[in-house]
């Protein structure tokens, strides 16, 4: 086992996230390199599976997805739109409190919002509950900790990335070549690649749509980061021909 800090040094991390600590970013000084590396060590397979190129590509894909989820970039932003990941630590104008009251396994706690928080923008009680159980915090009673504790924030993003939630595979398995499509996956054209990771994260809203701007934003980050890691992106970057899970 190698530490992923050998593949993503502090200097590389800083060159990826050029503006995360700008005054303009609400998450200024929240997403630290130390927290990211400490969180990654809690998931030893992350960035540590397969050949070096595979390991780099997985890290680049993860960082690209969390950058889209937390971006502060815009088309004419300084250093380009893909230099502004990790600018936000929580959803600014949530449309609801993201409580699925039909979910009795992970019941909502009165007065709590399960809006998007952290690098992956963890949302809904059915994600906060199991994430908290896996990581050692009360996700249902204390969801705010995800936007108050940098280490826990990164851990929730990595938990989501590494954890299979059937019928979805884990993002990790897709990026390291361990995804084995089912009959339903084959029928839905869910082929392995970065596009399938987007499908896992937000396919219900973004996949099956030609040229979706959100999908293209994710791809833009992935292309920039892959160049910084000196690795190719692989095939199947979008999910426009895929049905969502």
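Placed from the backbone N, Cα and C atoms, the Cβ positions cover glycine too.
Those TrEMBL annotations? Automatic predictions, nothing curated.
Here TrEMBL flags 25-87, 99-108, 207-239 as disulfide bond. Per TrEMBL, the feature domain 'Glycoside hydrolase family 19 catalytic' maps to 25-47, 152-162. The active site, proton donor feature in TrEMBL is assigned to 69.
Mapped onto this structure are the features recorded in TrEMBL.
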{"residue": "25", "record": "disulfide bond", "Cβ neighbours (10 Å)": "22"}
{"residue": "69", "record": "active site, proton donor", "Cβ neighbours (10 Å)": "22"}
{"residue": "87", "record": "disulfide bond", "Cβ neighbours (10 Å)": "22"}
{"residue": "99", "record": "disulfide bond", "Cβ neighbours (10 Å)": "20"}
{"residue": "108", "record": "disulfide bond", "Cβ neighbours (10 Å)": "21"}
{"residue": "207", "record": "disulfide bond", "Cβ neighbours (10 Å)": "27"}
{"residue": "239", "record": "disulfide bond", "Cβ neighbours (10 Å)": "28"}
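Shown for the domain 'Glycoside hydrolase family 19 catalytic' (25-47): DSSP residue counts in helix, strand and coil, namely 9 helix, 0 strand, 14 coil. Long-range neighbours of the domain 'Glycoside hydrolase family 19 catalytic' (152-162) within the same chain, counting only residues 6 or more positions beyond its ends whose Cβ lies under 8 Å from a Cβ of the stretch, are 30-31, 35-36, 38-40, 42-43, 45-46, 62, 65-66, 89, 117-120, 122, 127, 131, 134-135, 137, 145-146, 170-172, 201. Comparing residue 25 (disulfide bond) with residue 108 (disulfide bond), their Cα atoms are 30 Å apart once rounded. Across the fold, the C-alpha of residue 99 (disulfide bond) and the C-alpha of the residue listed as 'active site, proton donor' stand 20 Å from each other.
For residue 108 (disulfide bond), the nearest neighbour among the recorded positions 69, 87, 239, judged by Cα separation, is 69. Separating the Cα atoms of residue 87 (disulfide bond) and residue 69 (active site, proton donor) is a whole-number distance of 9 Å.
Annotated pair the residue listed as 'active site, proton donor' and residue 207 (disulfide bond), C-alpha to C-alpha distance, rounded: 16 Å.
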